[in-house]
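The block underneath contains the structure these notes are about, expressed in structure tokens.
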């Protein structure tokens, strides 16, 4: 099987993957699907249906939950592929899933950048606090990012063909890791700059200014609760970007710069796993931002504890009844 390298020369494409990778992918994606589905459905319901006073952060969180859900709903197809070692869903659907591997981190990073800018306004520019309630601007910003991300992702459906599409059984190499994305470097470098470096610099700039103002006591007029909440959000965003998105994009850049055989890349597979992990780590953001989400999570946990307690009581009562029956028979 062949594909093209950076110089548009055909090179072999090795479609063999270690058994350990397929087992790890099955276990990992199963956990991500179960946790992420519950977390993001709950978040989307809370932010869209139960939140009475919507702010700009609420709008951004609704979009984060929606993007997470779209990506999570593709995981069962990935799990089927790793379990069966074949792809019965057709090449076009394979291309869509491969494109979503690029679409998700692109739009997620811009949404996180918007949240960072929002916290900058809340801490550094409290006199513009009214703007934080202007949800119309937040909606327009989100719509703009959706349009831009879709516009730059759609070419992936047109430019990339599965090099192994005629094999038996059929495969879908695009969803394994990001190694197949090497073919069109001009588009990839543009995407890397606009959808990773620019939002990353926005976040870093906001964080540096916020830290500078906090250290020099220029936020004394700010309520302690608002300050504490904003700091928690900033730390959460920073950890999420460093753990989930930065390794993925660094690997992406090295793959574009590299030449030679396109084959299974442990580093590419691992960083793709980390990127998927972001769909679950967003629960920390939801929990910090929304009291309604906190209440919903706590109620679910309490209900599970209640059910567990009821099972223990029924088990104990059943054991006591059995013991009394045995004693009566002995008497």
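Numbers here mean position along the shown chain, with the first residue as 1.
Including glycine, each Cβ sits where the backbone N, Cα and C put it.
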Same membrane side for residue 87 and residue 187 per Swiss-Prot: yes
In Swiss-Prot, the member of 14, 276 to which N-linked glycosylation site is assigned: 14
Per Swiss-Prot record, range annotated transmembrane segment [choices 27-47, 300-320]: 27-47
Contact call for the transmembrane segment (269-289) and the transmembrane segment (139-159): at least 3 Cβ pairs under 8 Å, seq gap 6+: no
Local Cβ density at residue 188 (N-linked glycosylation site) - other Cβ atoms counted within 10 Å: 19
Pairwise CA distance, residue 188 (N-linked glycosylation site) versus residue 94 (disulfide bond), rounded so that it is a whole Å: 19
Averaged pLDDT score, the topological domain 'Extracellular' (78-95): 85
Contact call for the transmembrane segment (192-212) against the transmembrane segment (27-47), three or more Cβ pairs under 8 Å: no
Long-range environment of the topological domain 'Cytoplasmic' (48-56) - Cβ separation under 8 angstroms, sequence gap at least 6: 62, 114, 118, 131-135, 137-138, 290, 292
Cβ-Cβ under 8 Å with the transmembrane segment (96-116): same-chain residues at least 6 beyond its ends: 56-57, 60-61, 63-64, 67-68, 70-71, 74, 77-78, 138, 141-142, 145-146, 149-150, 152-154, 156-157, 160, 172, 174-175, 178, 180-181, 191, 195-196, 198-200, 202-203, 206-207, 233-234, 237, 240-241, 245, 248-249, 272, 275, 278, 285
